[in-house]
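Asks: In case it helps, TrEMBL gives these features for our protein:
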- Thr152, Lys153, Thr154, Asp155, Gly206, Ser207, Ser208, Gly209, Val210, Gly211, Lys212, Ser213, Thr214: GTP binding site (BINDING)
- Cys286, Cys291, His293, Cys299: Zn(2+) binding site (BINDING)
- 107-263: domain 'CP-type G' (DOMAIN)
- 113-261: domain 'EngC GTPase' (DOMAIN)
Amino acid sequence: MSDQHPELHELGWSDWFERRAECKPGETIARVAAVDRDQLLLVDQNGHFRAKLAGSYRYRHQFSHELPCVGDWVCLDRQPGDAFGVVHAILERRTSLRRKSAGNATDDQMIAANLDRVVIVQSCHVDFNPKRLERYLVMVMDGGADPCILLTKTDLVEPAVLAAQLAEIDSIGLMAPVLTLSNVTRDGLDEFKRLLAPGKTYCFVGSSGVGKSTLINRLIDRERLETGAVSGTGEGRHTTVRRELIRLDGGALVIDNPGMREFGIVGAESGIASRYADIADLASNCRYRDCTHRGEPGCAVRGAVDSGDISREQIESYLKLSGESDFHQMSHAEKRKKDRDFGRYIKSVKTDLKNRD
Ligand SMILES: Nc1nc2c(ncn2[C@@H]2O[C@H](COP(=O)(O)OP(=O)(O)OP(=O)(O)O)[C@@H](O)[C@H]2O)c(=O)[nH]1
Ligand SMILES: [Zn+2]
């Protein structure tokens, strides 16, 4: 299909969405920049504007994960002169970050959608905790986004301490990039900025106090954060909405909202880890010891996909998480070691999740 929305690429649009856009004639596409109760702040090639969800959409979609969240792409109706656009559809999400509900997956709370990379931030000073890092990793991968690990406050520890932490992360054997920086000395800041590609969407998760806001303020100039709010009058109510989807000078998009801050603190994610553990168990039944689960005969993992026991998405994120995309390039001994390490890793995450509450 030809690209019908070149002007949206700076906002994160891609062929993936183009193939799934099912807008009716006359409807346009925009991205959700913030959600404020029943009002949406949208952005398209012409700038920011307000919108509401069509009553019919609300009627047909009652689960919380079906409601728009920041980062979503929507189809809307907006006549010239209208104060509000009317949103009729939300495009399929390529990735998401969601807070798992204790009960049904349909009650999951969406935090943000269509993130390309989630930066998991820990301070190397007092916050460093590999177990927590692993939990974040599993949650990020479960939503389909690529993770990246960032250690902040390098100015507060001796180089040897930092080196030991990096070695510990390395021993987990994940393929996610690991970066370090100090918001104070700005050491590592330029390297980190190089990771941010134009038209890609990023967000930052991690415990309170690790330096997420400080870093985001370094990336955006402060002024834009404060004047980023858009005022408007909605049915007699005067409100101000702070933009949560921010475009950096280099063209990368950053989502920053309060939900991010709480992400990972809430429990009940053990379902995810046990799902991965199930796949790891299955893999031990594959005919070939070094099966990559990418089409070998006698593959138990593919078998489970074919019979519908596990979804293709789960397998994809499992393969990503286990780093098995690089698997076939390893020697036999390396593969054996990796299998063992990953099995152990998954078990530790699972145990850790169990022990948490
Ligand atoms: N020494 C040092 N201090 C830092 C660094 N980055 C942030 N800080 C300080 O750490 C404190 C917390 O930083 P924030 O940016 O507010 O942390 P946060 O992750 O946004 O925290 P929440 O908003 O609660 O999620 C502030 O006092 C910062 O000045 C760093 O690289 N080195
Ligand atoms: Zn297999």
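Glycine is treated like the rest: Cβ placed from N, Cα and C.
Owing to the predicted nature of the structure, the values given are computational and were not obtained by experimental measurement.
Just tell me what is around each of these and how deep it sits.
Replies: Look at Gly206 (GTP binding site): DSSP puts it in coil.
According to DSSP, Cys299 (Zn(2+) binding site) sits in a coil region rather than a helix or strand. Within 10 Å of the C-beta atom of Cys299 (Zn(2+) binding site) sit 21 other C-beta atoms, taking all shown protein chains into account.
Taking the domain 'CP-type G' (107-263) as a whole, pLDDT averages 83 in the prediction.
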Asks: Using C-alpha positions only, work out which of the binding-site residues Thr152, Thr154, Ser208, Lys212, Thr214 is nearest to Cys291 (Zn(2+) binding site).
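Replies: Result for Cys291 (Zn(2+) binding site): the nearest of the binding-site residues is Thr152.
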Asks: Mind computing the max CA-CA distance among Thr152, Lys153, Thr154, Asp155, Gly206, Ser207, Ser208, Gly209, Val210, Gly211, Lys212, Ser213, Thr214, which the record assigns to GTP binding, rounded to whole Å?
Replies: 19
Asks: What is the number of residues in the domain 'EngC GTPase' (113-261) that are helix, strand and coil, as DSSP sees it?
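Replies: The counts are 55 helix, 39 strand, 55 coil.
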Asks: Would you pick out, from the binding-site residues Thr152, Thr214, the residue whose Cβ has the largest number of other Cβ atoms within 10 Å?
Replies: Thr152
